[in-house]
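Below is one structure, written out as structure tokens, with a few remarks after it.
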Amino acid sequence: MPSPTDWPGSVVRSTFIDFFKSKGHTFNPSSPVVPVNDPTLLFSNAGMNQYKPIFLGTVDPASDLGKLKRATNAQKCIRAGGKHNDLDDVGKDVYHHTFFEMLGNWSFGDYFKKEAIGWAWELLTKVYSLPADRLYATYFGGDERQGLPPDHEARDIWLQFLPANRVLPFGTKDNFWEMGDQGPCGPCTEIHFDRIGGREVPDLVNMGGWFGTTPMCWRCGTWCSSSSTASPTGSLISLPAQHVDTGAGLERITSVLQGQMSNYATDLFAPIFAAIQAATGHAEPYTDRVGADDVGNKDMAYRVVADHIRTLCFAIADGARPGNEGRDYVLRRVLRRAVRYGREVLGGPQGFFSTLVPSVIDSMGEAYPELERARGTITEVIRDEETSFSRTLVKGIERFKKAAAEAQDGVVSGPDAFLLWDTFGFPVDLTELMAEEAGLRKGAREGLRFEAEATGYLQKNEVRTTLDGAKYSEEPVDTWVLAILTKQGFVESSAGVEEGPLGLVLGSTGFYAEQGGQVADTGVITAGAARFAVSSAQVAAGYVLHLGDLESGEIKVGDAVTASIDVERRRRIMPNHTYTHVLNWALREHLGDHVDQKGSIVQPDRLRFDFSNNGPVAPEALAAIEATTRSYIARDERVYAQEVPLAQAKGIHGLRAMFGEAYPDPVRVVSIGRSVEELLADPGAEGNRAYSVEFCGGTHLASTAGARAFALLSEEGIAKGVRRIVAVTGSEAEEAAETAEALAAEIRGLQGLSSLDDLAAKIKTLTVTVDSSPISTVAKAELRGELQTQLKASMACLGGGWRVLDEQKREAAANKDRAVAAAVTAADAAAAVGSRFLITRLDVGLDAKAVQEAWNAIAKAHPSLPVLLASAGEDKALVFAGVPKELAPGFPAGEWLKAALGAIGGKGGGKPTFAQGMGPEVGKLDEALAVAGKLATLKLQ
């Protein structure tokens, strides 16, 4: 692998361009992100957009563009809105962006696949020095339905460089490129890079998600051979000449060359993250965490803000402005999404967002001088738009919280969403995102409410219920359409229905409808030329509603159709459901009978299980639970399922069921390791308790070995007395294990370091990597322990270092004891005289942990007392505000904190119940405490 320090993003970009210039390509600068004379695009979303006239044969041959034969550049791209839209995914992972740079090289009727692939191989393996044994190539495997043949030409060229098991065919979804609904298209070939190496993992290529294509097996380049164009009717028309279009994302390639596991952990984003922390005053820097490891969505917020400020800077520099229509409204959505994350999650002050503009221009202005030329305009536009939204942001968030509290069946109502948009300026997708974060339902399909009114209509019209017995099979089901539901109600035909989701009720189905914690199947329903893409399924009153979009043709009530589920997706869901049962049983075995299931979600990529337990699960207990659950893979226990009369089933000793859940009669019993017949033969037998037995209508494995692997990723509290475990099976768990082993090997390699400074720096880096890696929480704890062991051993050998660390620990402990004693004494005195709040100074310098411990001690002794603590250092003062939960709605800790920090020129942030920050004007600390006292007196009258 190349050295990470050799490849800053700017060098990656220039090396690509210089390489293709050496191959006779003309450097043609990036076109604006706002397309010129192209109504089919909201934004330039690919490097080839500016070359469409060449591809379509409409270019003036006498123009400079018409004379091009070979070209190369780095194209500015925005994918927000339109066919290619990544807006909703940005922040949730470490590889989606709305703005990115596409490195490209093109041939216009000149060279074709042989040269394109050969030069790609040379660039990656000779210039960038990527190991050839970690590269995989994909090619278009054809599509009989559309009459598209496989691209054997590309396959045969790749076989000159790679063995056959690393040259893989895929369908139109992955290897047939389309610029938009209309325009140039054609088969593409891609190069994927294995982040780990030393293995053969063709099954990971194009898997997608955190454990699939990104980041463990990364697509680092796409070479498209455009030979057709899509017409408005969807038909393909041959182009006048054959062309080559290469797209290689700068962010992805840079992360590979810098040895990072994410696009955001590179020097392309580091200066922006630093600016975000400075602007918001957040106590913690960006740490590249995702999912359950990203406590409070802090890193998600960093990613959203960093990505969106880049998008807005480039769009505004190229002439776009936030507004109410088309691309302008997309930009308004982008800005308001970023401002909301920066203000609510990171604690940024009003106006923070526009102060980030210089970080983008200073880091990218050399490559794109138009940014520097528009510096003033960009800042002014963003500042004005931010100010406009800030006027209603806080009240809008309060209105959303009220709507969430009043949500029926976990759904924010349409009128509430409209009010948030119309009155408070919240775009609908922002409301949907906030709903998701609050654990409520969201999504485009929520417009179809399959509830009492709809099912009552079906019953009134004597529509028979859906036969869904085939949901435990993977085979397509030949059936017929009973009803078609739209936002306007039921219709007889899809013809004439305005654009939007549809719902089909079928006579029979193999689709599993969302229930029991398991997500619904997806797939397709076909009828001749009609094709309906199913994105979800709901069941109510015996009817199964298949929700989705009609992609082609027309569907009428009474039509004969074929319903086909996405089999591969179903096969990823089944092991997660089976191991939800195993985990439930293991928790009871190791923690006791008090453990009850409080909820679960079973998805293709993970399982989530909520259960009752007072306090965190001890590390040794978690290790035992994970080991017990994993043992079922080697044991290969058979999974049995059978419908049983409810009263008889309830008599099985050891049965696990959700308290308060209404179960059907008969009920489906799922047992692991002992047949249902054996259980019923002696339902009270003590031995039945040794088996996982549950009521469940979900889809499961035939035997437990089918999961292949299991990893318990996290355990955390979500409410008083309720804990949550997130776990994975299958390839996701295998990837977790491989990542953990790779990290363990890297830690073992620390023994060769002789410099204490080098060791400390390496351990710091590895600690962040371990903490942010999606690996078993048990393995994570072991790796953390090993890092500490390595540090202790090395410091002992290097002499004296550990004694210094011990002394620092003793000083910190003394600080904490001093802070706690002083704080509790002051709180006792305040309570004795009936004071409604406490403001006091501590003498612990800038030791934030000691101040936090002082607040914790007061909260235990006087839980209803609001407290503001301050401590002065040499050049800064630390302020901490803590407010009881019941008082926080009217007197949030952040408001109290900001009142104090304003007097000492400081910044801070936190949650409604606690917040902290610092300020440089130490001499005004007494004044700050007086201001805080006046506010508390006013608020708590």
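Each Cβ is built from the backbone N, Cα and C atoms, and glycine gets one as well.
Because TrEMBL annotations are produced automatically, they should be read as predictions rather than curated entries.
The Zn(2+) binding site annotation in TrEMBL covers HIS577, HIS581, CYS696, HIS700. The domain 'Alanyl-transfer RNA synthetases family profile' feature in TrEMBL is assigned to 7-739.
For the recorded Zn(2+) site, residues HIS577, HIS581, CYS696, HIS700 set the reference point as the centre of their Cβ atoms, and the other residues of that chain within 8 Å of it by Cβ are THR578, THR580, VAL602, VAL639, VAL670, GLU694, GLY698, THR699. Within 10 Å of the C-beta of CYS696 (Zn(2+) binding site) there are 23 other C-beta atoms, taking all protein chains into account. This prediction places the mean pLDDT of the domain 'Alanyl-transfer RNA synthetases family profile' (7-739) at 86. Long-range Cβ proximity for HIS700 (Zn(2+) binding site), meaning a same-chain Cβ under 8 A and a gap of 6 or more residues, is found for MET574, HIS577, THR578, HIS581, VAL639, ALA641, VAL670.
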